[in-house]
Amino acid sequence: MGCTLSAEDKAAVERSKMIDRNLREDGEKAAKEVKLLLLGAGESGKSTIVKQMKIIHEDGYSEDECKQYKVVVYSNTIQSIIAIIRAMGRLKIDFGEAARADDARQLFVLAGSAEEGVMTSELAGVIKRLWRDGGVQACFGRSREYQLNDSASYYLNDLDRISQTNYIPTQQDVLRTRVKTTGIVETHFTFKELYFKMFDVGGQRSERKKWIHCFEGVTAIIFCVALSDYDLVLAEDEEMNRMHESMKLFDSICNNKWFTDTSIILFLNKKDLFEEKIKRSPLTICYPEYTGSNTYEEAAAYIQCQFEDLNRRKDTKEIYTHFTCATDTKNVQFVFDAVTDVIIKNNLKECGLY
């Protein structure tokens with residue numbers, strides 16, 4: 001006698017198949033959506049990484065978008081030279097040429113009345129003369145003793161180009177701009193058939209209370225550390241070494257119960273600045289116990305160990321570390337490719353598809 005299914009049984013089987021199919025599709029959809037949280041102390045390069053994602057995965061900045069950054073380029077340039085001139089007074093550094101004192105006074109007058117997004121030839125001339133001065137250069141060489149944008153020399157060395165009336169910022173100029181991130185900046189892009197949602201969170205202490213809203217369902221955290229911060233203090237607390245602050249923050253993120261199953265990717269950033277700085281500023285400023293040489297390889301490896309040793313779940317949790325230069329598009333492209341492969345593997349495991 002044949003075994004036939006009743007209409008009710010057939011419907012139940014179909015329902016079961018549909019549920020299985022939906023679960024499978026949901027699993028695949030979850031595997032394809034990646035929520036990336038960019039964390040790290042202030043000025044560690046998080047926003048630059050976000051800009052690189054736009055350049056690498058979204059055809060970069062249009063000419064109109066680049067034009068909008070002209071205001072920021074000029075503001076960063078003017079604020080940088082002003083910061084150096086002010087520091088000269090504090091550090092008791094004299095101008096190489098007495099005539100530059102008049103230029104300094106003129107700088108404050110012209111900067112105060114400058115139209116937004118305009119660099120007059122008079123203002124550009126004053127800044128150029130000041131930047132060439134021996135005393136100003138001596139003060140710039142001591143920039144670890146005060147707060148100065150990383151991009152200061154990049155813009156000041158290129159004043160002839162950026163002060164042209166028809167100047168339009170390049171992609172690299174845009175990458176170098178510094179605007180403090182307040183709140184949460186969200187970026188979406190697709191790469192390797194994954195849909196990325198990247199969240200850039202302000203790194204200053206006052207911004208950190210906003211992070212909590214981003215924690216749910218995070219696939220991976222990219223934690224940015226500025227290697228070159230080892231001899232600097234915080235903008236918001238001049239008693240606190242920036243590297244120590246980063247370590248404290250990484251400890252709290254890496255060992256947080258929220259992130260037990262979250263991939264942690266460590267970007268040891270600004271490797272280019274670190275490579276230059278380590279030749280003249282010893283690592284013992286930050287790590288008095290350090291006995292190695294002040295070479296890039298040895299000092300960078302030591303910092304890497306300091307961070308990775310903070311991981312209290314080494315047996316179950318791996319830290320994926322990369323040395324980066326956030327302003328170098330090729331480097332970021334290469335690193336992000338490797339990061340994505342790790343995310344794909346871990347994400348598929350989570351969904352039971354690997």
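For all residues, glycine too, the Cβ spot is worked out from N, Cα and C.
Features reported for this protein in Swiss-Prot:
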REGION    35-48  region 'G1 motif'
BINDING   42-48, 150-151, 175-181, Val201, Gly203, 269-270, 272-273, 325-327  GTP binding site
BINDING   Ser47, Thr181  Mg(2+) binding site
REGION    173-181  region 'G2 motif'
REGION    324-329  region 'G5 motif'
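Distant neighbours of the region 'G1 motif' (35-48): 150, 175, 178-181, 185, 196-204, 207, 211, 214-215, 217-226, 229, 234-236, 242, 245-246, 249, 253, 267, 269-270, 324, 326-327; these residues of the same chain sit at least 6 beyond its ends, with a Cβ under 8 Å from one of its Cβ atoms. Across the region 'G5 motif' (324-329), mean pLDDT in this model comes to 97. Taking DSSP states H, G and I as helix and E and B as strand, the region 'G1 motif' (35-48) has 3 helix, 6 strand, 5 coil. Val201 (GTP binding site) carries a strand DSSP state (E or B).
Following the DSSP three-state reduction, the secondary structure of Asp272 (GTP binding site) is helix. Proximity to Thr181 (Mg(2+) binding site), judged by a C-alpha distance within 10 Å, picks out Gly42, Lys46, Val201 from the binding-site residues Gly42, Lys46, Ser151, Val201, Asp272, Thr327. For the binding-site residues Lys46, Ser47, Arg178, Val201, Thr327, the ranking by surrounding Cβ atoms (within 10 Å, all protein chains) places Lys46 first. For the pair Thr327 (GTP binding site) and Ser47 (Mg(2+) binding site), the C-alpha distance works out to 11 angstrom. A separation of roughly 14 Å, to the nearest angstrom, links the Cα atoms of Ser151 (GTP binding site) and Ser47 (Mg(2+) binding site). Shown for the region 'G2 motif' (173-181): DSSP residue counts in helix, strand and coil, namely 4 helix, 0 strand, 5 coil.
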